[in-house]
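Everything below concerns the one structure shown next.
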């Protein structure tokens with residue numbers, strides 16, 4: 001019998017000698033120095049329970065297909081003396097369902113088929129108890145049941161379909177893509193999960209590394225041409241059991257595409273092209289298209305065209321149409337049939353990106369293009385694309401501003417007449433001589449109204465009026481100093497009653513409608529009519545502004561509430577122009593800091609949003625309304641004082657019969673005809689009466705205030 005001994009040092013200083021054997025286990029012997037003899041007898045041992053199990057691990061084959069329960073092993077305790085007094089009890093993972101134990105003899109069985117890939121081991125616990133008393137005879141002990149793996153799982157690739165690419169004309173052994181497969185079987189036990197890769201479809205173009213699954217090219221550059229074949233489908237097989245016979249396999253599909261490289265130069269579809277173009281074609285007008293093809297795709301097929309030689313290199317341009325890969329020939333300069341009726345150019349086509357590896361087959365192609373110029377009847381041609389003319393704004397009517405010139409470019413040299421497109425000169429300010437193209441004035445000018453005039457002059461052939469051309473003429477009016485400067489705005493300010501002499505109360509500036517070439521220069525001064533000892537003075541700042549300064553130390557609002565300061569503004573141009581602007585200064589009561597506290601109604605009305613005139617109008621309206629109310633009240637009181645009894649004579653004198661055909665004495669006595677003839681005098685008398693009543697009313701009101 002094979003035994004294994006372990007020496008375990010206990011905490012109490014005792015040494016236990018544990019002996020594990022396969023078979024029947026004998027009681028352990030404890031040595032404590034002087035108690036060896038008692039240990040031999042066995043009955044005087046320390047009262048301590050010992051584990052007497054003969055196991056700690058079992059193995060079970062997965063996927064068992066037998067009809068009976070699968071035997072795992074036997075649990076045996078040294079407390080079992082074969083007398084049937086002990087019972088084995090099982091607990092833990094699957095106890096009673098997956099695993100069962102014979103309680104009499106400790107035989108352990110599995111009740112169902114198990115899969116290691118679902119669960120590779122189970123942890124169980126077992127103990128023995130006395131059948132009669134149910135008392136545990138030994139402590140509960142843990143053991144493991146491990147499943148032995150069998151090759152029951154085939155390899156699986158991470159993808160059902162792989163997609164890879166490799167440049168065409170790649171060298172042999174160029175890596176394309178790596179495929180990966182896994183096997184659910186135990187990789188630590190046997191070869192069930194050891195995989196080997198092989199290629200079952202895709203020869204002879206590709207190969208696969210049997211260990212890594214890396215797919216590589218198997219043919220040389222000359223055999224892997226995208227223009228001949230672009231797509232390949234490769235089937236890769238993974239086999240377990242290290243590829244041995246009987247192993248399980250899994251497959252995957254790999255779609256491989258050859259990507260394009262620039263291994264083909266562009267080629268013209270023909271060597272000679274012929275086109276015709278009218279001589280009237282404008283710059284940029286198309287002449288024709290030449291076509292070149294390239295077997296490559298994408299950026300490798302992009303090409304550009306150049307004119308490399310010929311007598312039309314300066315007359316024509318060529319560019320590539322990226323959508324059609326055609327060369328578009330266009331006119332770059334005006335053509336003239338009379339000067340040159342035909343041109344020949346050599347055009348070269350080349351890829352925009354060239355791969356040096358494939359330069360041996362050539363990267364360019366050449367073609368000849370012949371272009372014939374067609375003669376057409378052309379309109380007159382101006383000698384300039386546009387004209388710029390200048391004239392002073394005070395020029396007299398009829399003065400020539402400038403001239404335009406055009407001629408017939410055809411061989412016939414037809415006569416040309418000139419006219420102005422009146423849609424560009426609605427006010428008929430200018431005219432043009434029909435024969436010589438001289439532009440002159442029809443009306444006087446004013447630069448301040450319009451500084452520029454843009455007109456269009458038309459040149460038409462006498463023999464063919466349908467042939468005409470147009471040219472823009474820009475006329476700039478030169479400024480003369482014909483406007484006097486004025487204040488930049490209406491200036492109103494105030495001065496405190498208790499001010500100091502020489503204090504600045506306002507800064508003024510000026511504007512001028514003229515625009516001198518050297519810029520504006522304004523001078524400010526008091527008007528000559530101002531008395532020598534005026535209340536205010538003007539100080540020119542020299543920067544086109546001036547300051548208004550006080551000349552007195554104090555002002556009285558009661559003595560004079562408003563001052564008008566006339567300021568002369570003079571410009572510095574020739575001829576010199578000047579004007580007088582008036583500055584309004586109101587006298588106000590101010591606090592110690594110089595802030596306005598009290599002014600008359602007009603000064604207080606200088607708040608933003610309403611001008612002085614508007615506020616005066618509002619004030620007048622308020623006074624008129626007040627007068628109407630007072631008049632109405634006075635008239636009402638006067639009517640109450642009239643007697644209620646009116647004499648018959650008064651009634652008779654005021655009754656008028658409108659049936660009379662002519663006026664009589666009674667009519668003239670009843671009405672004042674003069675009042676009708678002079679309504680203004682009548683209205684004036686009424687207003688005078690109303691004023692008297694108003695004065696009486698105010699006088700009575702003052703008496704009432706005195707009495708109160």
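Every residue, even glycine, has its Cβ placed from backbone N, Cα and C.
Now, the feature entries from TrEMBL:
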type	residues	note
DOMAIN	77-157	domain 'Cadherin'
DOMAIN	158-268	domain 'Cadherin'
DOMAIN	269-382	domain 'Cadherin'
DOMAIN	383-487	domain 'Cadherin'
DOMAIN	487-610	domain 'Cadherin'
TRANSMEM	614-635	transmembrane segment
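According to DSSP, the domain 'Cadherin' (269-382) comprises 10 helix, 58 strand, 46 coil. Broken down by DSSP into helix, strand and coil, the domain 'Cadherin' (383-487) contains 3 helix, 47 strand, 55 coil. Per DSSP, the domain 'Cadherin' (77-157) is made up of 0 helix, 37 strand, 44 coil. Helix first, then strand, then coil: DSSP counts for the domain 'Cadherin' (158-268) stand at 3 helix, 48 strand, 60 coil.
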